[in-house]
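One structure is given below, encoded as structure tokens.
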Amino acid sequence: MSVAPGRMFPMTDATALASQAAYTEAVATAARAAAAYYADGATPLDDDVYDQLVRAIESYETAHPEHVLPQSPTGKVAGGTASGDVPHSAPMLSLDNVFSVEELAAWAAGLERRLGRPVAAWCVEPKLDGLAVAARYRAGRLTRLITRGDGLAGEDISHAGGSILGLPETLAEPVDAELRGEVLLTQDQFEQANTTRTAHGAAPFVNPRNGAAGTLRAKDRPYRIELTFFAYGAQGLAGGLAHSELLGRLAELGANTAASTAAQPRRCETVAEVQARIEEIARIRAELPFGIDGIVVKADAAADQELAGSGSRAPRWAIAYKLPAVHRVTRLLAVEWNVGRTGVIAPRAVLEPVVVDGATVTYATLHNPADITRRGLLIGDQVSVHRAGDVIPRVEAPLVQLRTGAEQPIEFPEVCPRCGDAIDTSQQRWRCVRGRGCQAVASIRYAAGRDQLDIEGLGGTRAVQLVDRGLVADVADLFLLTREQLLTLDRMGATSSDNLIAAIEAAKAQPLHRVFCALGVRGTGRSMSRRIAQHFGSMAAIRAAGVDELAEVDGIGPEKAAVVVAELAELAPVLDKLALLGVGVGEAVTARPGAGAGAGAEAVAEGPLAGQAVVVTGTMSGPLAQLSRTEVNELIERAGGKASSSVSKRTSLLVAGEKAGSKRAKAEELGVRVLNPEEFAELVGEFLN
Ligand SMILES: NC(=O)c1ccc[n+]([C@@H]2O[C@H](COP(=O)([O-])OP(=O)(O)OC[C@H]3O[C@@H](n4cnc5c(N)ncnc54)[C@H](O)[C@@H]3O)[C@@H](O)[C@H]2O)c1
Ligand SMILES: [Zn+2]
């Protein structure tokens, strides 16, 4: 992640409030969201959106101070929605925010103007994404634990004291003091918490922060959830310590601090150094074992802090440099089950697209079936999605409070979705019992298919037999099969053996594009294979091509080209065998630069509609609904057919939608085959876009 100058994510400009009515509504929305956020975390707004809203409210209030509403969240700790009955020894404040390095520099300059001198030094540390607590110690023993509340008084949560790592029951010295810091769930603790909760029939936590809040408040739970404490402040310890010295002192007393992590607090002399450290922490954010939602910059010296003082909501000597939210709420649309090369069957969430940390996320990992159960997910749920840096996006949990009742259970496969054989569910990661053989069966079936090598007599069960008997492990092995070997298979007589051998022999002469297609390289269906074959002219040339050359083929971008190159490299042993056997060398089509998508002469002779005269009538539906009549006609031509407008003896096929009328009657009279738009779309599926 880079924090180069400029805004890291869209800010308030677009959401400036134009009128008092808009302001009133914004205040109401923010107040509702904050109330939900500090109560149970079930807010429909993402943090970024909430922050933007509050900024817009603030700027409106600056311009119209006479119109400020009393329920406005600005200037208040927790937006004024939290409270408590244990008074704090000194206010527990929030932090003001900046969103760019320019704003940070302006804030630092403002602080120095206020002080009338340069800030002696800064301390830069992670902004831990949890909840602030005050821990009171008497003679070194923990006596009371209190939430931040409204900043002036909080709730007593002493019951939680025993399950917080890094918050000692007894300090290393018998001091009377109050430690302040953040309580959070690390990623591991969050996963563990949700396993425990779902096992007890409780709803999983939406995200670690929400989980920490719920856990601190809860009493009398039948299970224990472990949390972690990071100290960053204190009351009642010897005064005059710089912040960085105080952190050292807290660690000496036995409390956990961020110094124990890769995002260690660092003392910086200049704002440039501060920016560099911010950038470092932002860069390692995704690898930290706990969540951070920003980086806190503090004036280090006690004298600077004292002179700057505090406002009602936040100290003036510290600022939070916010990072883009890595948690987003979106809808779970479906779960797909993909079988990997080794037969592992992995679920994948299909999401309503959402931008998280700068990238659009449409898929997220669900790890394994137990993971789905642990999270208690349903199709249609609003879910919290996490993504940071290059980390694979993951679904964290459903927001059960937002369910409508229309959610559906997730169906788990009963047989391998690729080969149809049984699933081994004895491990967390489900596997096809066929293991690597699953891939072999699937790839051989695919290779023998009508649009590839077109080997009749090599359907599903035959492919399974051949793989199970160890006769075939890849496409090339097919061409080494002997009649004698085939005769040893169940239900395989002399005639079927001869026929299959003949079909395989014939397949040797299949043109290059079909042999290439038979390899099953990802993203290269029938028409793409044709284009690649036409472009390069021989398998040797295709294999010799690099990413750049492949990317020149119509329809292959650099990313797809890289996939093709990588998969071909993996297929090298198969390709070597095929070359030795002389498969895929027949009828090499000469390279035709610029040949379009399946539009060449070959395409016309090859598609599912090859040589057919097709008429379209009525209203198109299904996948064809979006197409104009011209587009449907183009589709027919791409698929090898000829589009015509009237039904006659020469018509091969009529595609009849709703309100088809006289053409349909005539076709039926002439005995012409009639398909509805859906059936037709299936027939020409591959050519649809
Ligand atoms: N999504 C929503 O609807 C919604 C609603 C309300 C609030 N929020 C989120 O909550 C934020 C406000 O929460 P907040 O009031 O807790 O303030 P905050 O999280 O913006 O910052 C203040 C808090 O940071 C914490 N903190 C972490 N590391 C720290 C460190 N090293 N030093 C000092 N403090 C540290 C402390 O708990 C402190 O109270 C908003 O910015 C928004 O992102 C979201
Ligand atoms: Zn399988």
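Positions of Cβ are set from backbone N, Cα and C atoms, glycine also.
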For the NAD(+) site that TrEMBL describes with D47, D48, V49, Y50, D51, S94, L95, R148, E182, K298, K322, which of these is also annotated: E25, E125, E279? E125
For D51 (NAD(+) binding site), what is the secondary structure by DSSP, using just helix, strand and coil? helix
Once the chains shown are all counted, how many other Cβ atoms turn up within 10 Å of the Cβ of K298 (NAD(+) binding site)? 24
How far is it from C419 (Zn(2+) binding site) to D47 (NAD(+) binding site), counting Cα to Cα, in Å? 44
How many Å lie between the Cα of K127 (active site, N6-AMP-lysine intermediate) and the Cα of D47 (NAD(+) binding site)? 14
Radius 10 Å, atoms counted are CB only; among the binding-site residues V49, C416, C419, C438, which position scores highest? C438
List, in sequence order, the residues of the same chain other than C416, C419, C438 whose Cβ lies within 8 Å of the centroid of the Cβ atoms of the recorded Zn(2+) site. V339, G343, P417, R418, G420, D421, C432, V433, R434, G437, Q439, V441, A442
Out of V49, D51, L95, C419, C438, which binding-site residues lie by ligand 1, with a C-beta less than 6 Å from some atom of it? D51, L95
